[in-house]
Amino acid sequence: MTEALLELRGLTVDFATDDGVVHAVDGLDLALGRGRTLGLVGESGCGKSVTSLAIMGLLPPENSMVGGQVMFEGRDLLSLDAHLIRDLRGARLAMIFQEPMTSLNPAYTIGDQIIEAIQRHQGLDNAAARARAIEVLKLVRISVPEKRVDDYPHKLSGGMRQRAMIAMALACGPQLLIADEPTTALDVTIQAQILDLMRALRRDTGTAIILITHDLGVVAEMADDVAVMYAGQIVERAAVRDLFARPEHPYTVGLLGSIPRLDERRERLPSIEGRVPDMTRPPAGCRFAARCPFVEPECRAAPPQLIEVAPGHLSRCRRAPLSQVAA
Amino acid sequence: MTAAAVTPTVPTTDAREENPWARAWRRLKRRKGAMFGLVVVVLFVLVAILAPLISPYDPIATSFTQVRKPPSWAHWLGTDEVGRDVLARIIWGARASLSAGVVSVGIALGIGVPLGLLAGYAGGWIDAVLSRVVDAMLAIPFLILAIALAAFLGPSLTNAMIAIGVTATPVFIRLTRGQTLAAKVEDYVEAARAVGNPHWRIALRHVLPNIVPPLLVQASLAIAGAIIAEAALSFLGLGQQPPAPSWGSMLNSAQRFIAQAPWMAFWPGFAIFFAVLSFNLLGDGLRDALDPRHK
């Protein structure tokens, strides 16, 4: 990997709540090269969405504390002035959200909203911005874009709205696109179309993507690298092929076991028992210990470090590589 | 980019047709009460605007031969204690009442909406201070506060409007603040932040348009309240000053002759009732038409 586009160094996010401080993200190190796609995987509440909001600087300052460094194109976003970050947001780094049904302002046409993003960053006049809006709508394969540009969001289906959201995010040609569960709210056929679209856009525009999802199937199709998050930490990080071929963390093994497969008949899908630990008081040892089938007393004693078990393959399990563990 | 920039297509009318306001209007048209209210409101507004053209008499010209005459062909609604035509005074009085309603609610909106938006969007100590002031003002009964303010400012129609407007402001601050709090956590506001919009733009362009419907409903109901308040202040001598006509001051002078000349009290009372009822019907209809939960 050459110079990284985005590098997270020891990123932490704490939330002040009535029950105490929640350590939602706890010392995240991550690097993403230009034009690469990283899948950020984990179950609900593991901190993956919070990580993306922290990168974008969209966490509410009233009750959240972000620490560490977010290096983007050589600058630490966390130490930049608010107005400088706003200049980058939407221009150099953009985001698409999980809920296409509510992420577009119902008071404006989709064209208005795309044009707003374009004019915010590129200073085009109305006609040129409108032409560019139609162009990006065409790019996301919305049919008759010169007509759809004047439609209000309520007239569009969920898939169409997500396309419009992607168009809005891509309008200024960002270097980094963060997609937070972009297909979760869509039905399966539309999911496939949106993923196809994102793949094509990545190929054509060279935008790096952080794809946040709990769906390993999506990751397998889209990502170059995968980072698996559990309880605010990365527990495993590897190239997508290595991760699927040889998962080196029991949590990843569990996630892979929960994917239904056509070539195997099973009565029940295996699931990972238990729940994510209470993040106001994270356990002293391995955070997955309570749910881990391979757990040993030593696991609960001290927190495991992220270790390289094979070239480019990191795991936060003291028993890794797991191939030596008779399962 | 190069080719596309040359030919931006002109938006066709049918593509714009179903904007949120067109939809609300379609739904409002289906409601009989609201349409009745709207028609009466429009009639009152026309009467007020066209008063010089349609008034049969000068509203302040006295006639000692025509004192307290019951309704007749010459004076459809009768005359008052100094021989002035009641119909003419009702027509001219519509100006005072409607302008009091619109101007005072305009004042309340003009102060209340920006402050409410600020409180709801900024939060923190700004919100805390504004909300306590609002709580304090709302603790005082509406009319008592309006009377006190009007008495402080001195009796005149303008001062009555200011007093009513200021008194109605806290309701709008509170409503705007609450709606802003709800709207600012919407996904589309997050999305607007994600494209790098500054705060003022998010507040004015993304939050404000989405909270207009409840404000509009509240405004139409507040106009009804303001008309009553103006009538009450004029009745007490704190609003429109004699001899200029207003429905409230007409009621005031009528009370002394309620037995001998009941028409003097009936018509201004009827006008107030009708105007207030119409604005309330319109407000209720707007509430239903603009509520996204009603399909």
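Backbone N, Cα and C define each Cβ position, glycine as well.
Annotation comment: TrEMBL describes B:94-283 as domain 'ABC transmembrane type-1'.
The annotation transmembrane segment is assigned in TrEMBL to B:33-54 (among others).
Summarising the annotation, TrEMBL assigns transmembrane segment to B:98-121 (among others).
What TrEMBL lists as transmembrane segment is B:133-153 (among others).
The transmembrane segment feature in TrEMBL is assigned to B:159-176 (among others).
The transmembrane segment annotation in TrEMBL covers B:215-237 (among others). Same-chain residues lying 6+ beyond the ends of the transmembrane segment (B:215-237) with a Cβ under 8 Å from its Cβ atoms: 96-98, 100-102, 104-105, 108-109, 113, 142-143, 146-147, 150, 155, 157, 160-161, 163-165, 167-168, 171-172, 175-176, 179, 246-249, 251-252, 268, 272, 275-277, 279-280, 282-283, 286-287, 290.
The feature transmembrane segment is assigned by TrEMBL to B:257-283 (among others).
The stretch with the most CB contacts under 8 Å to the transmembrane segment (B:98-121), chosen from B:33-54, B:133-153, B:159-176, B:257-283, is B:159-176. The stretch from B:133-153, B:159-176, B:257-283 with the most CB pairs below 8 A to the transmembrane segment (B:33-54) is B:257-283.
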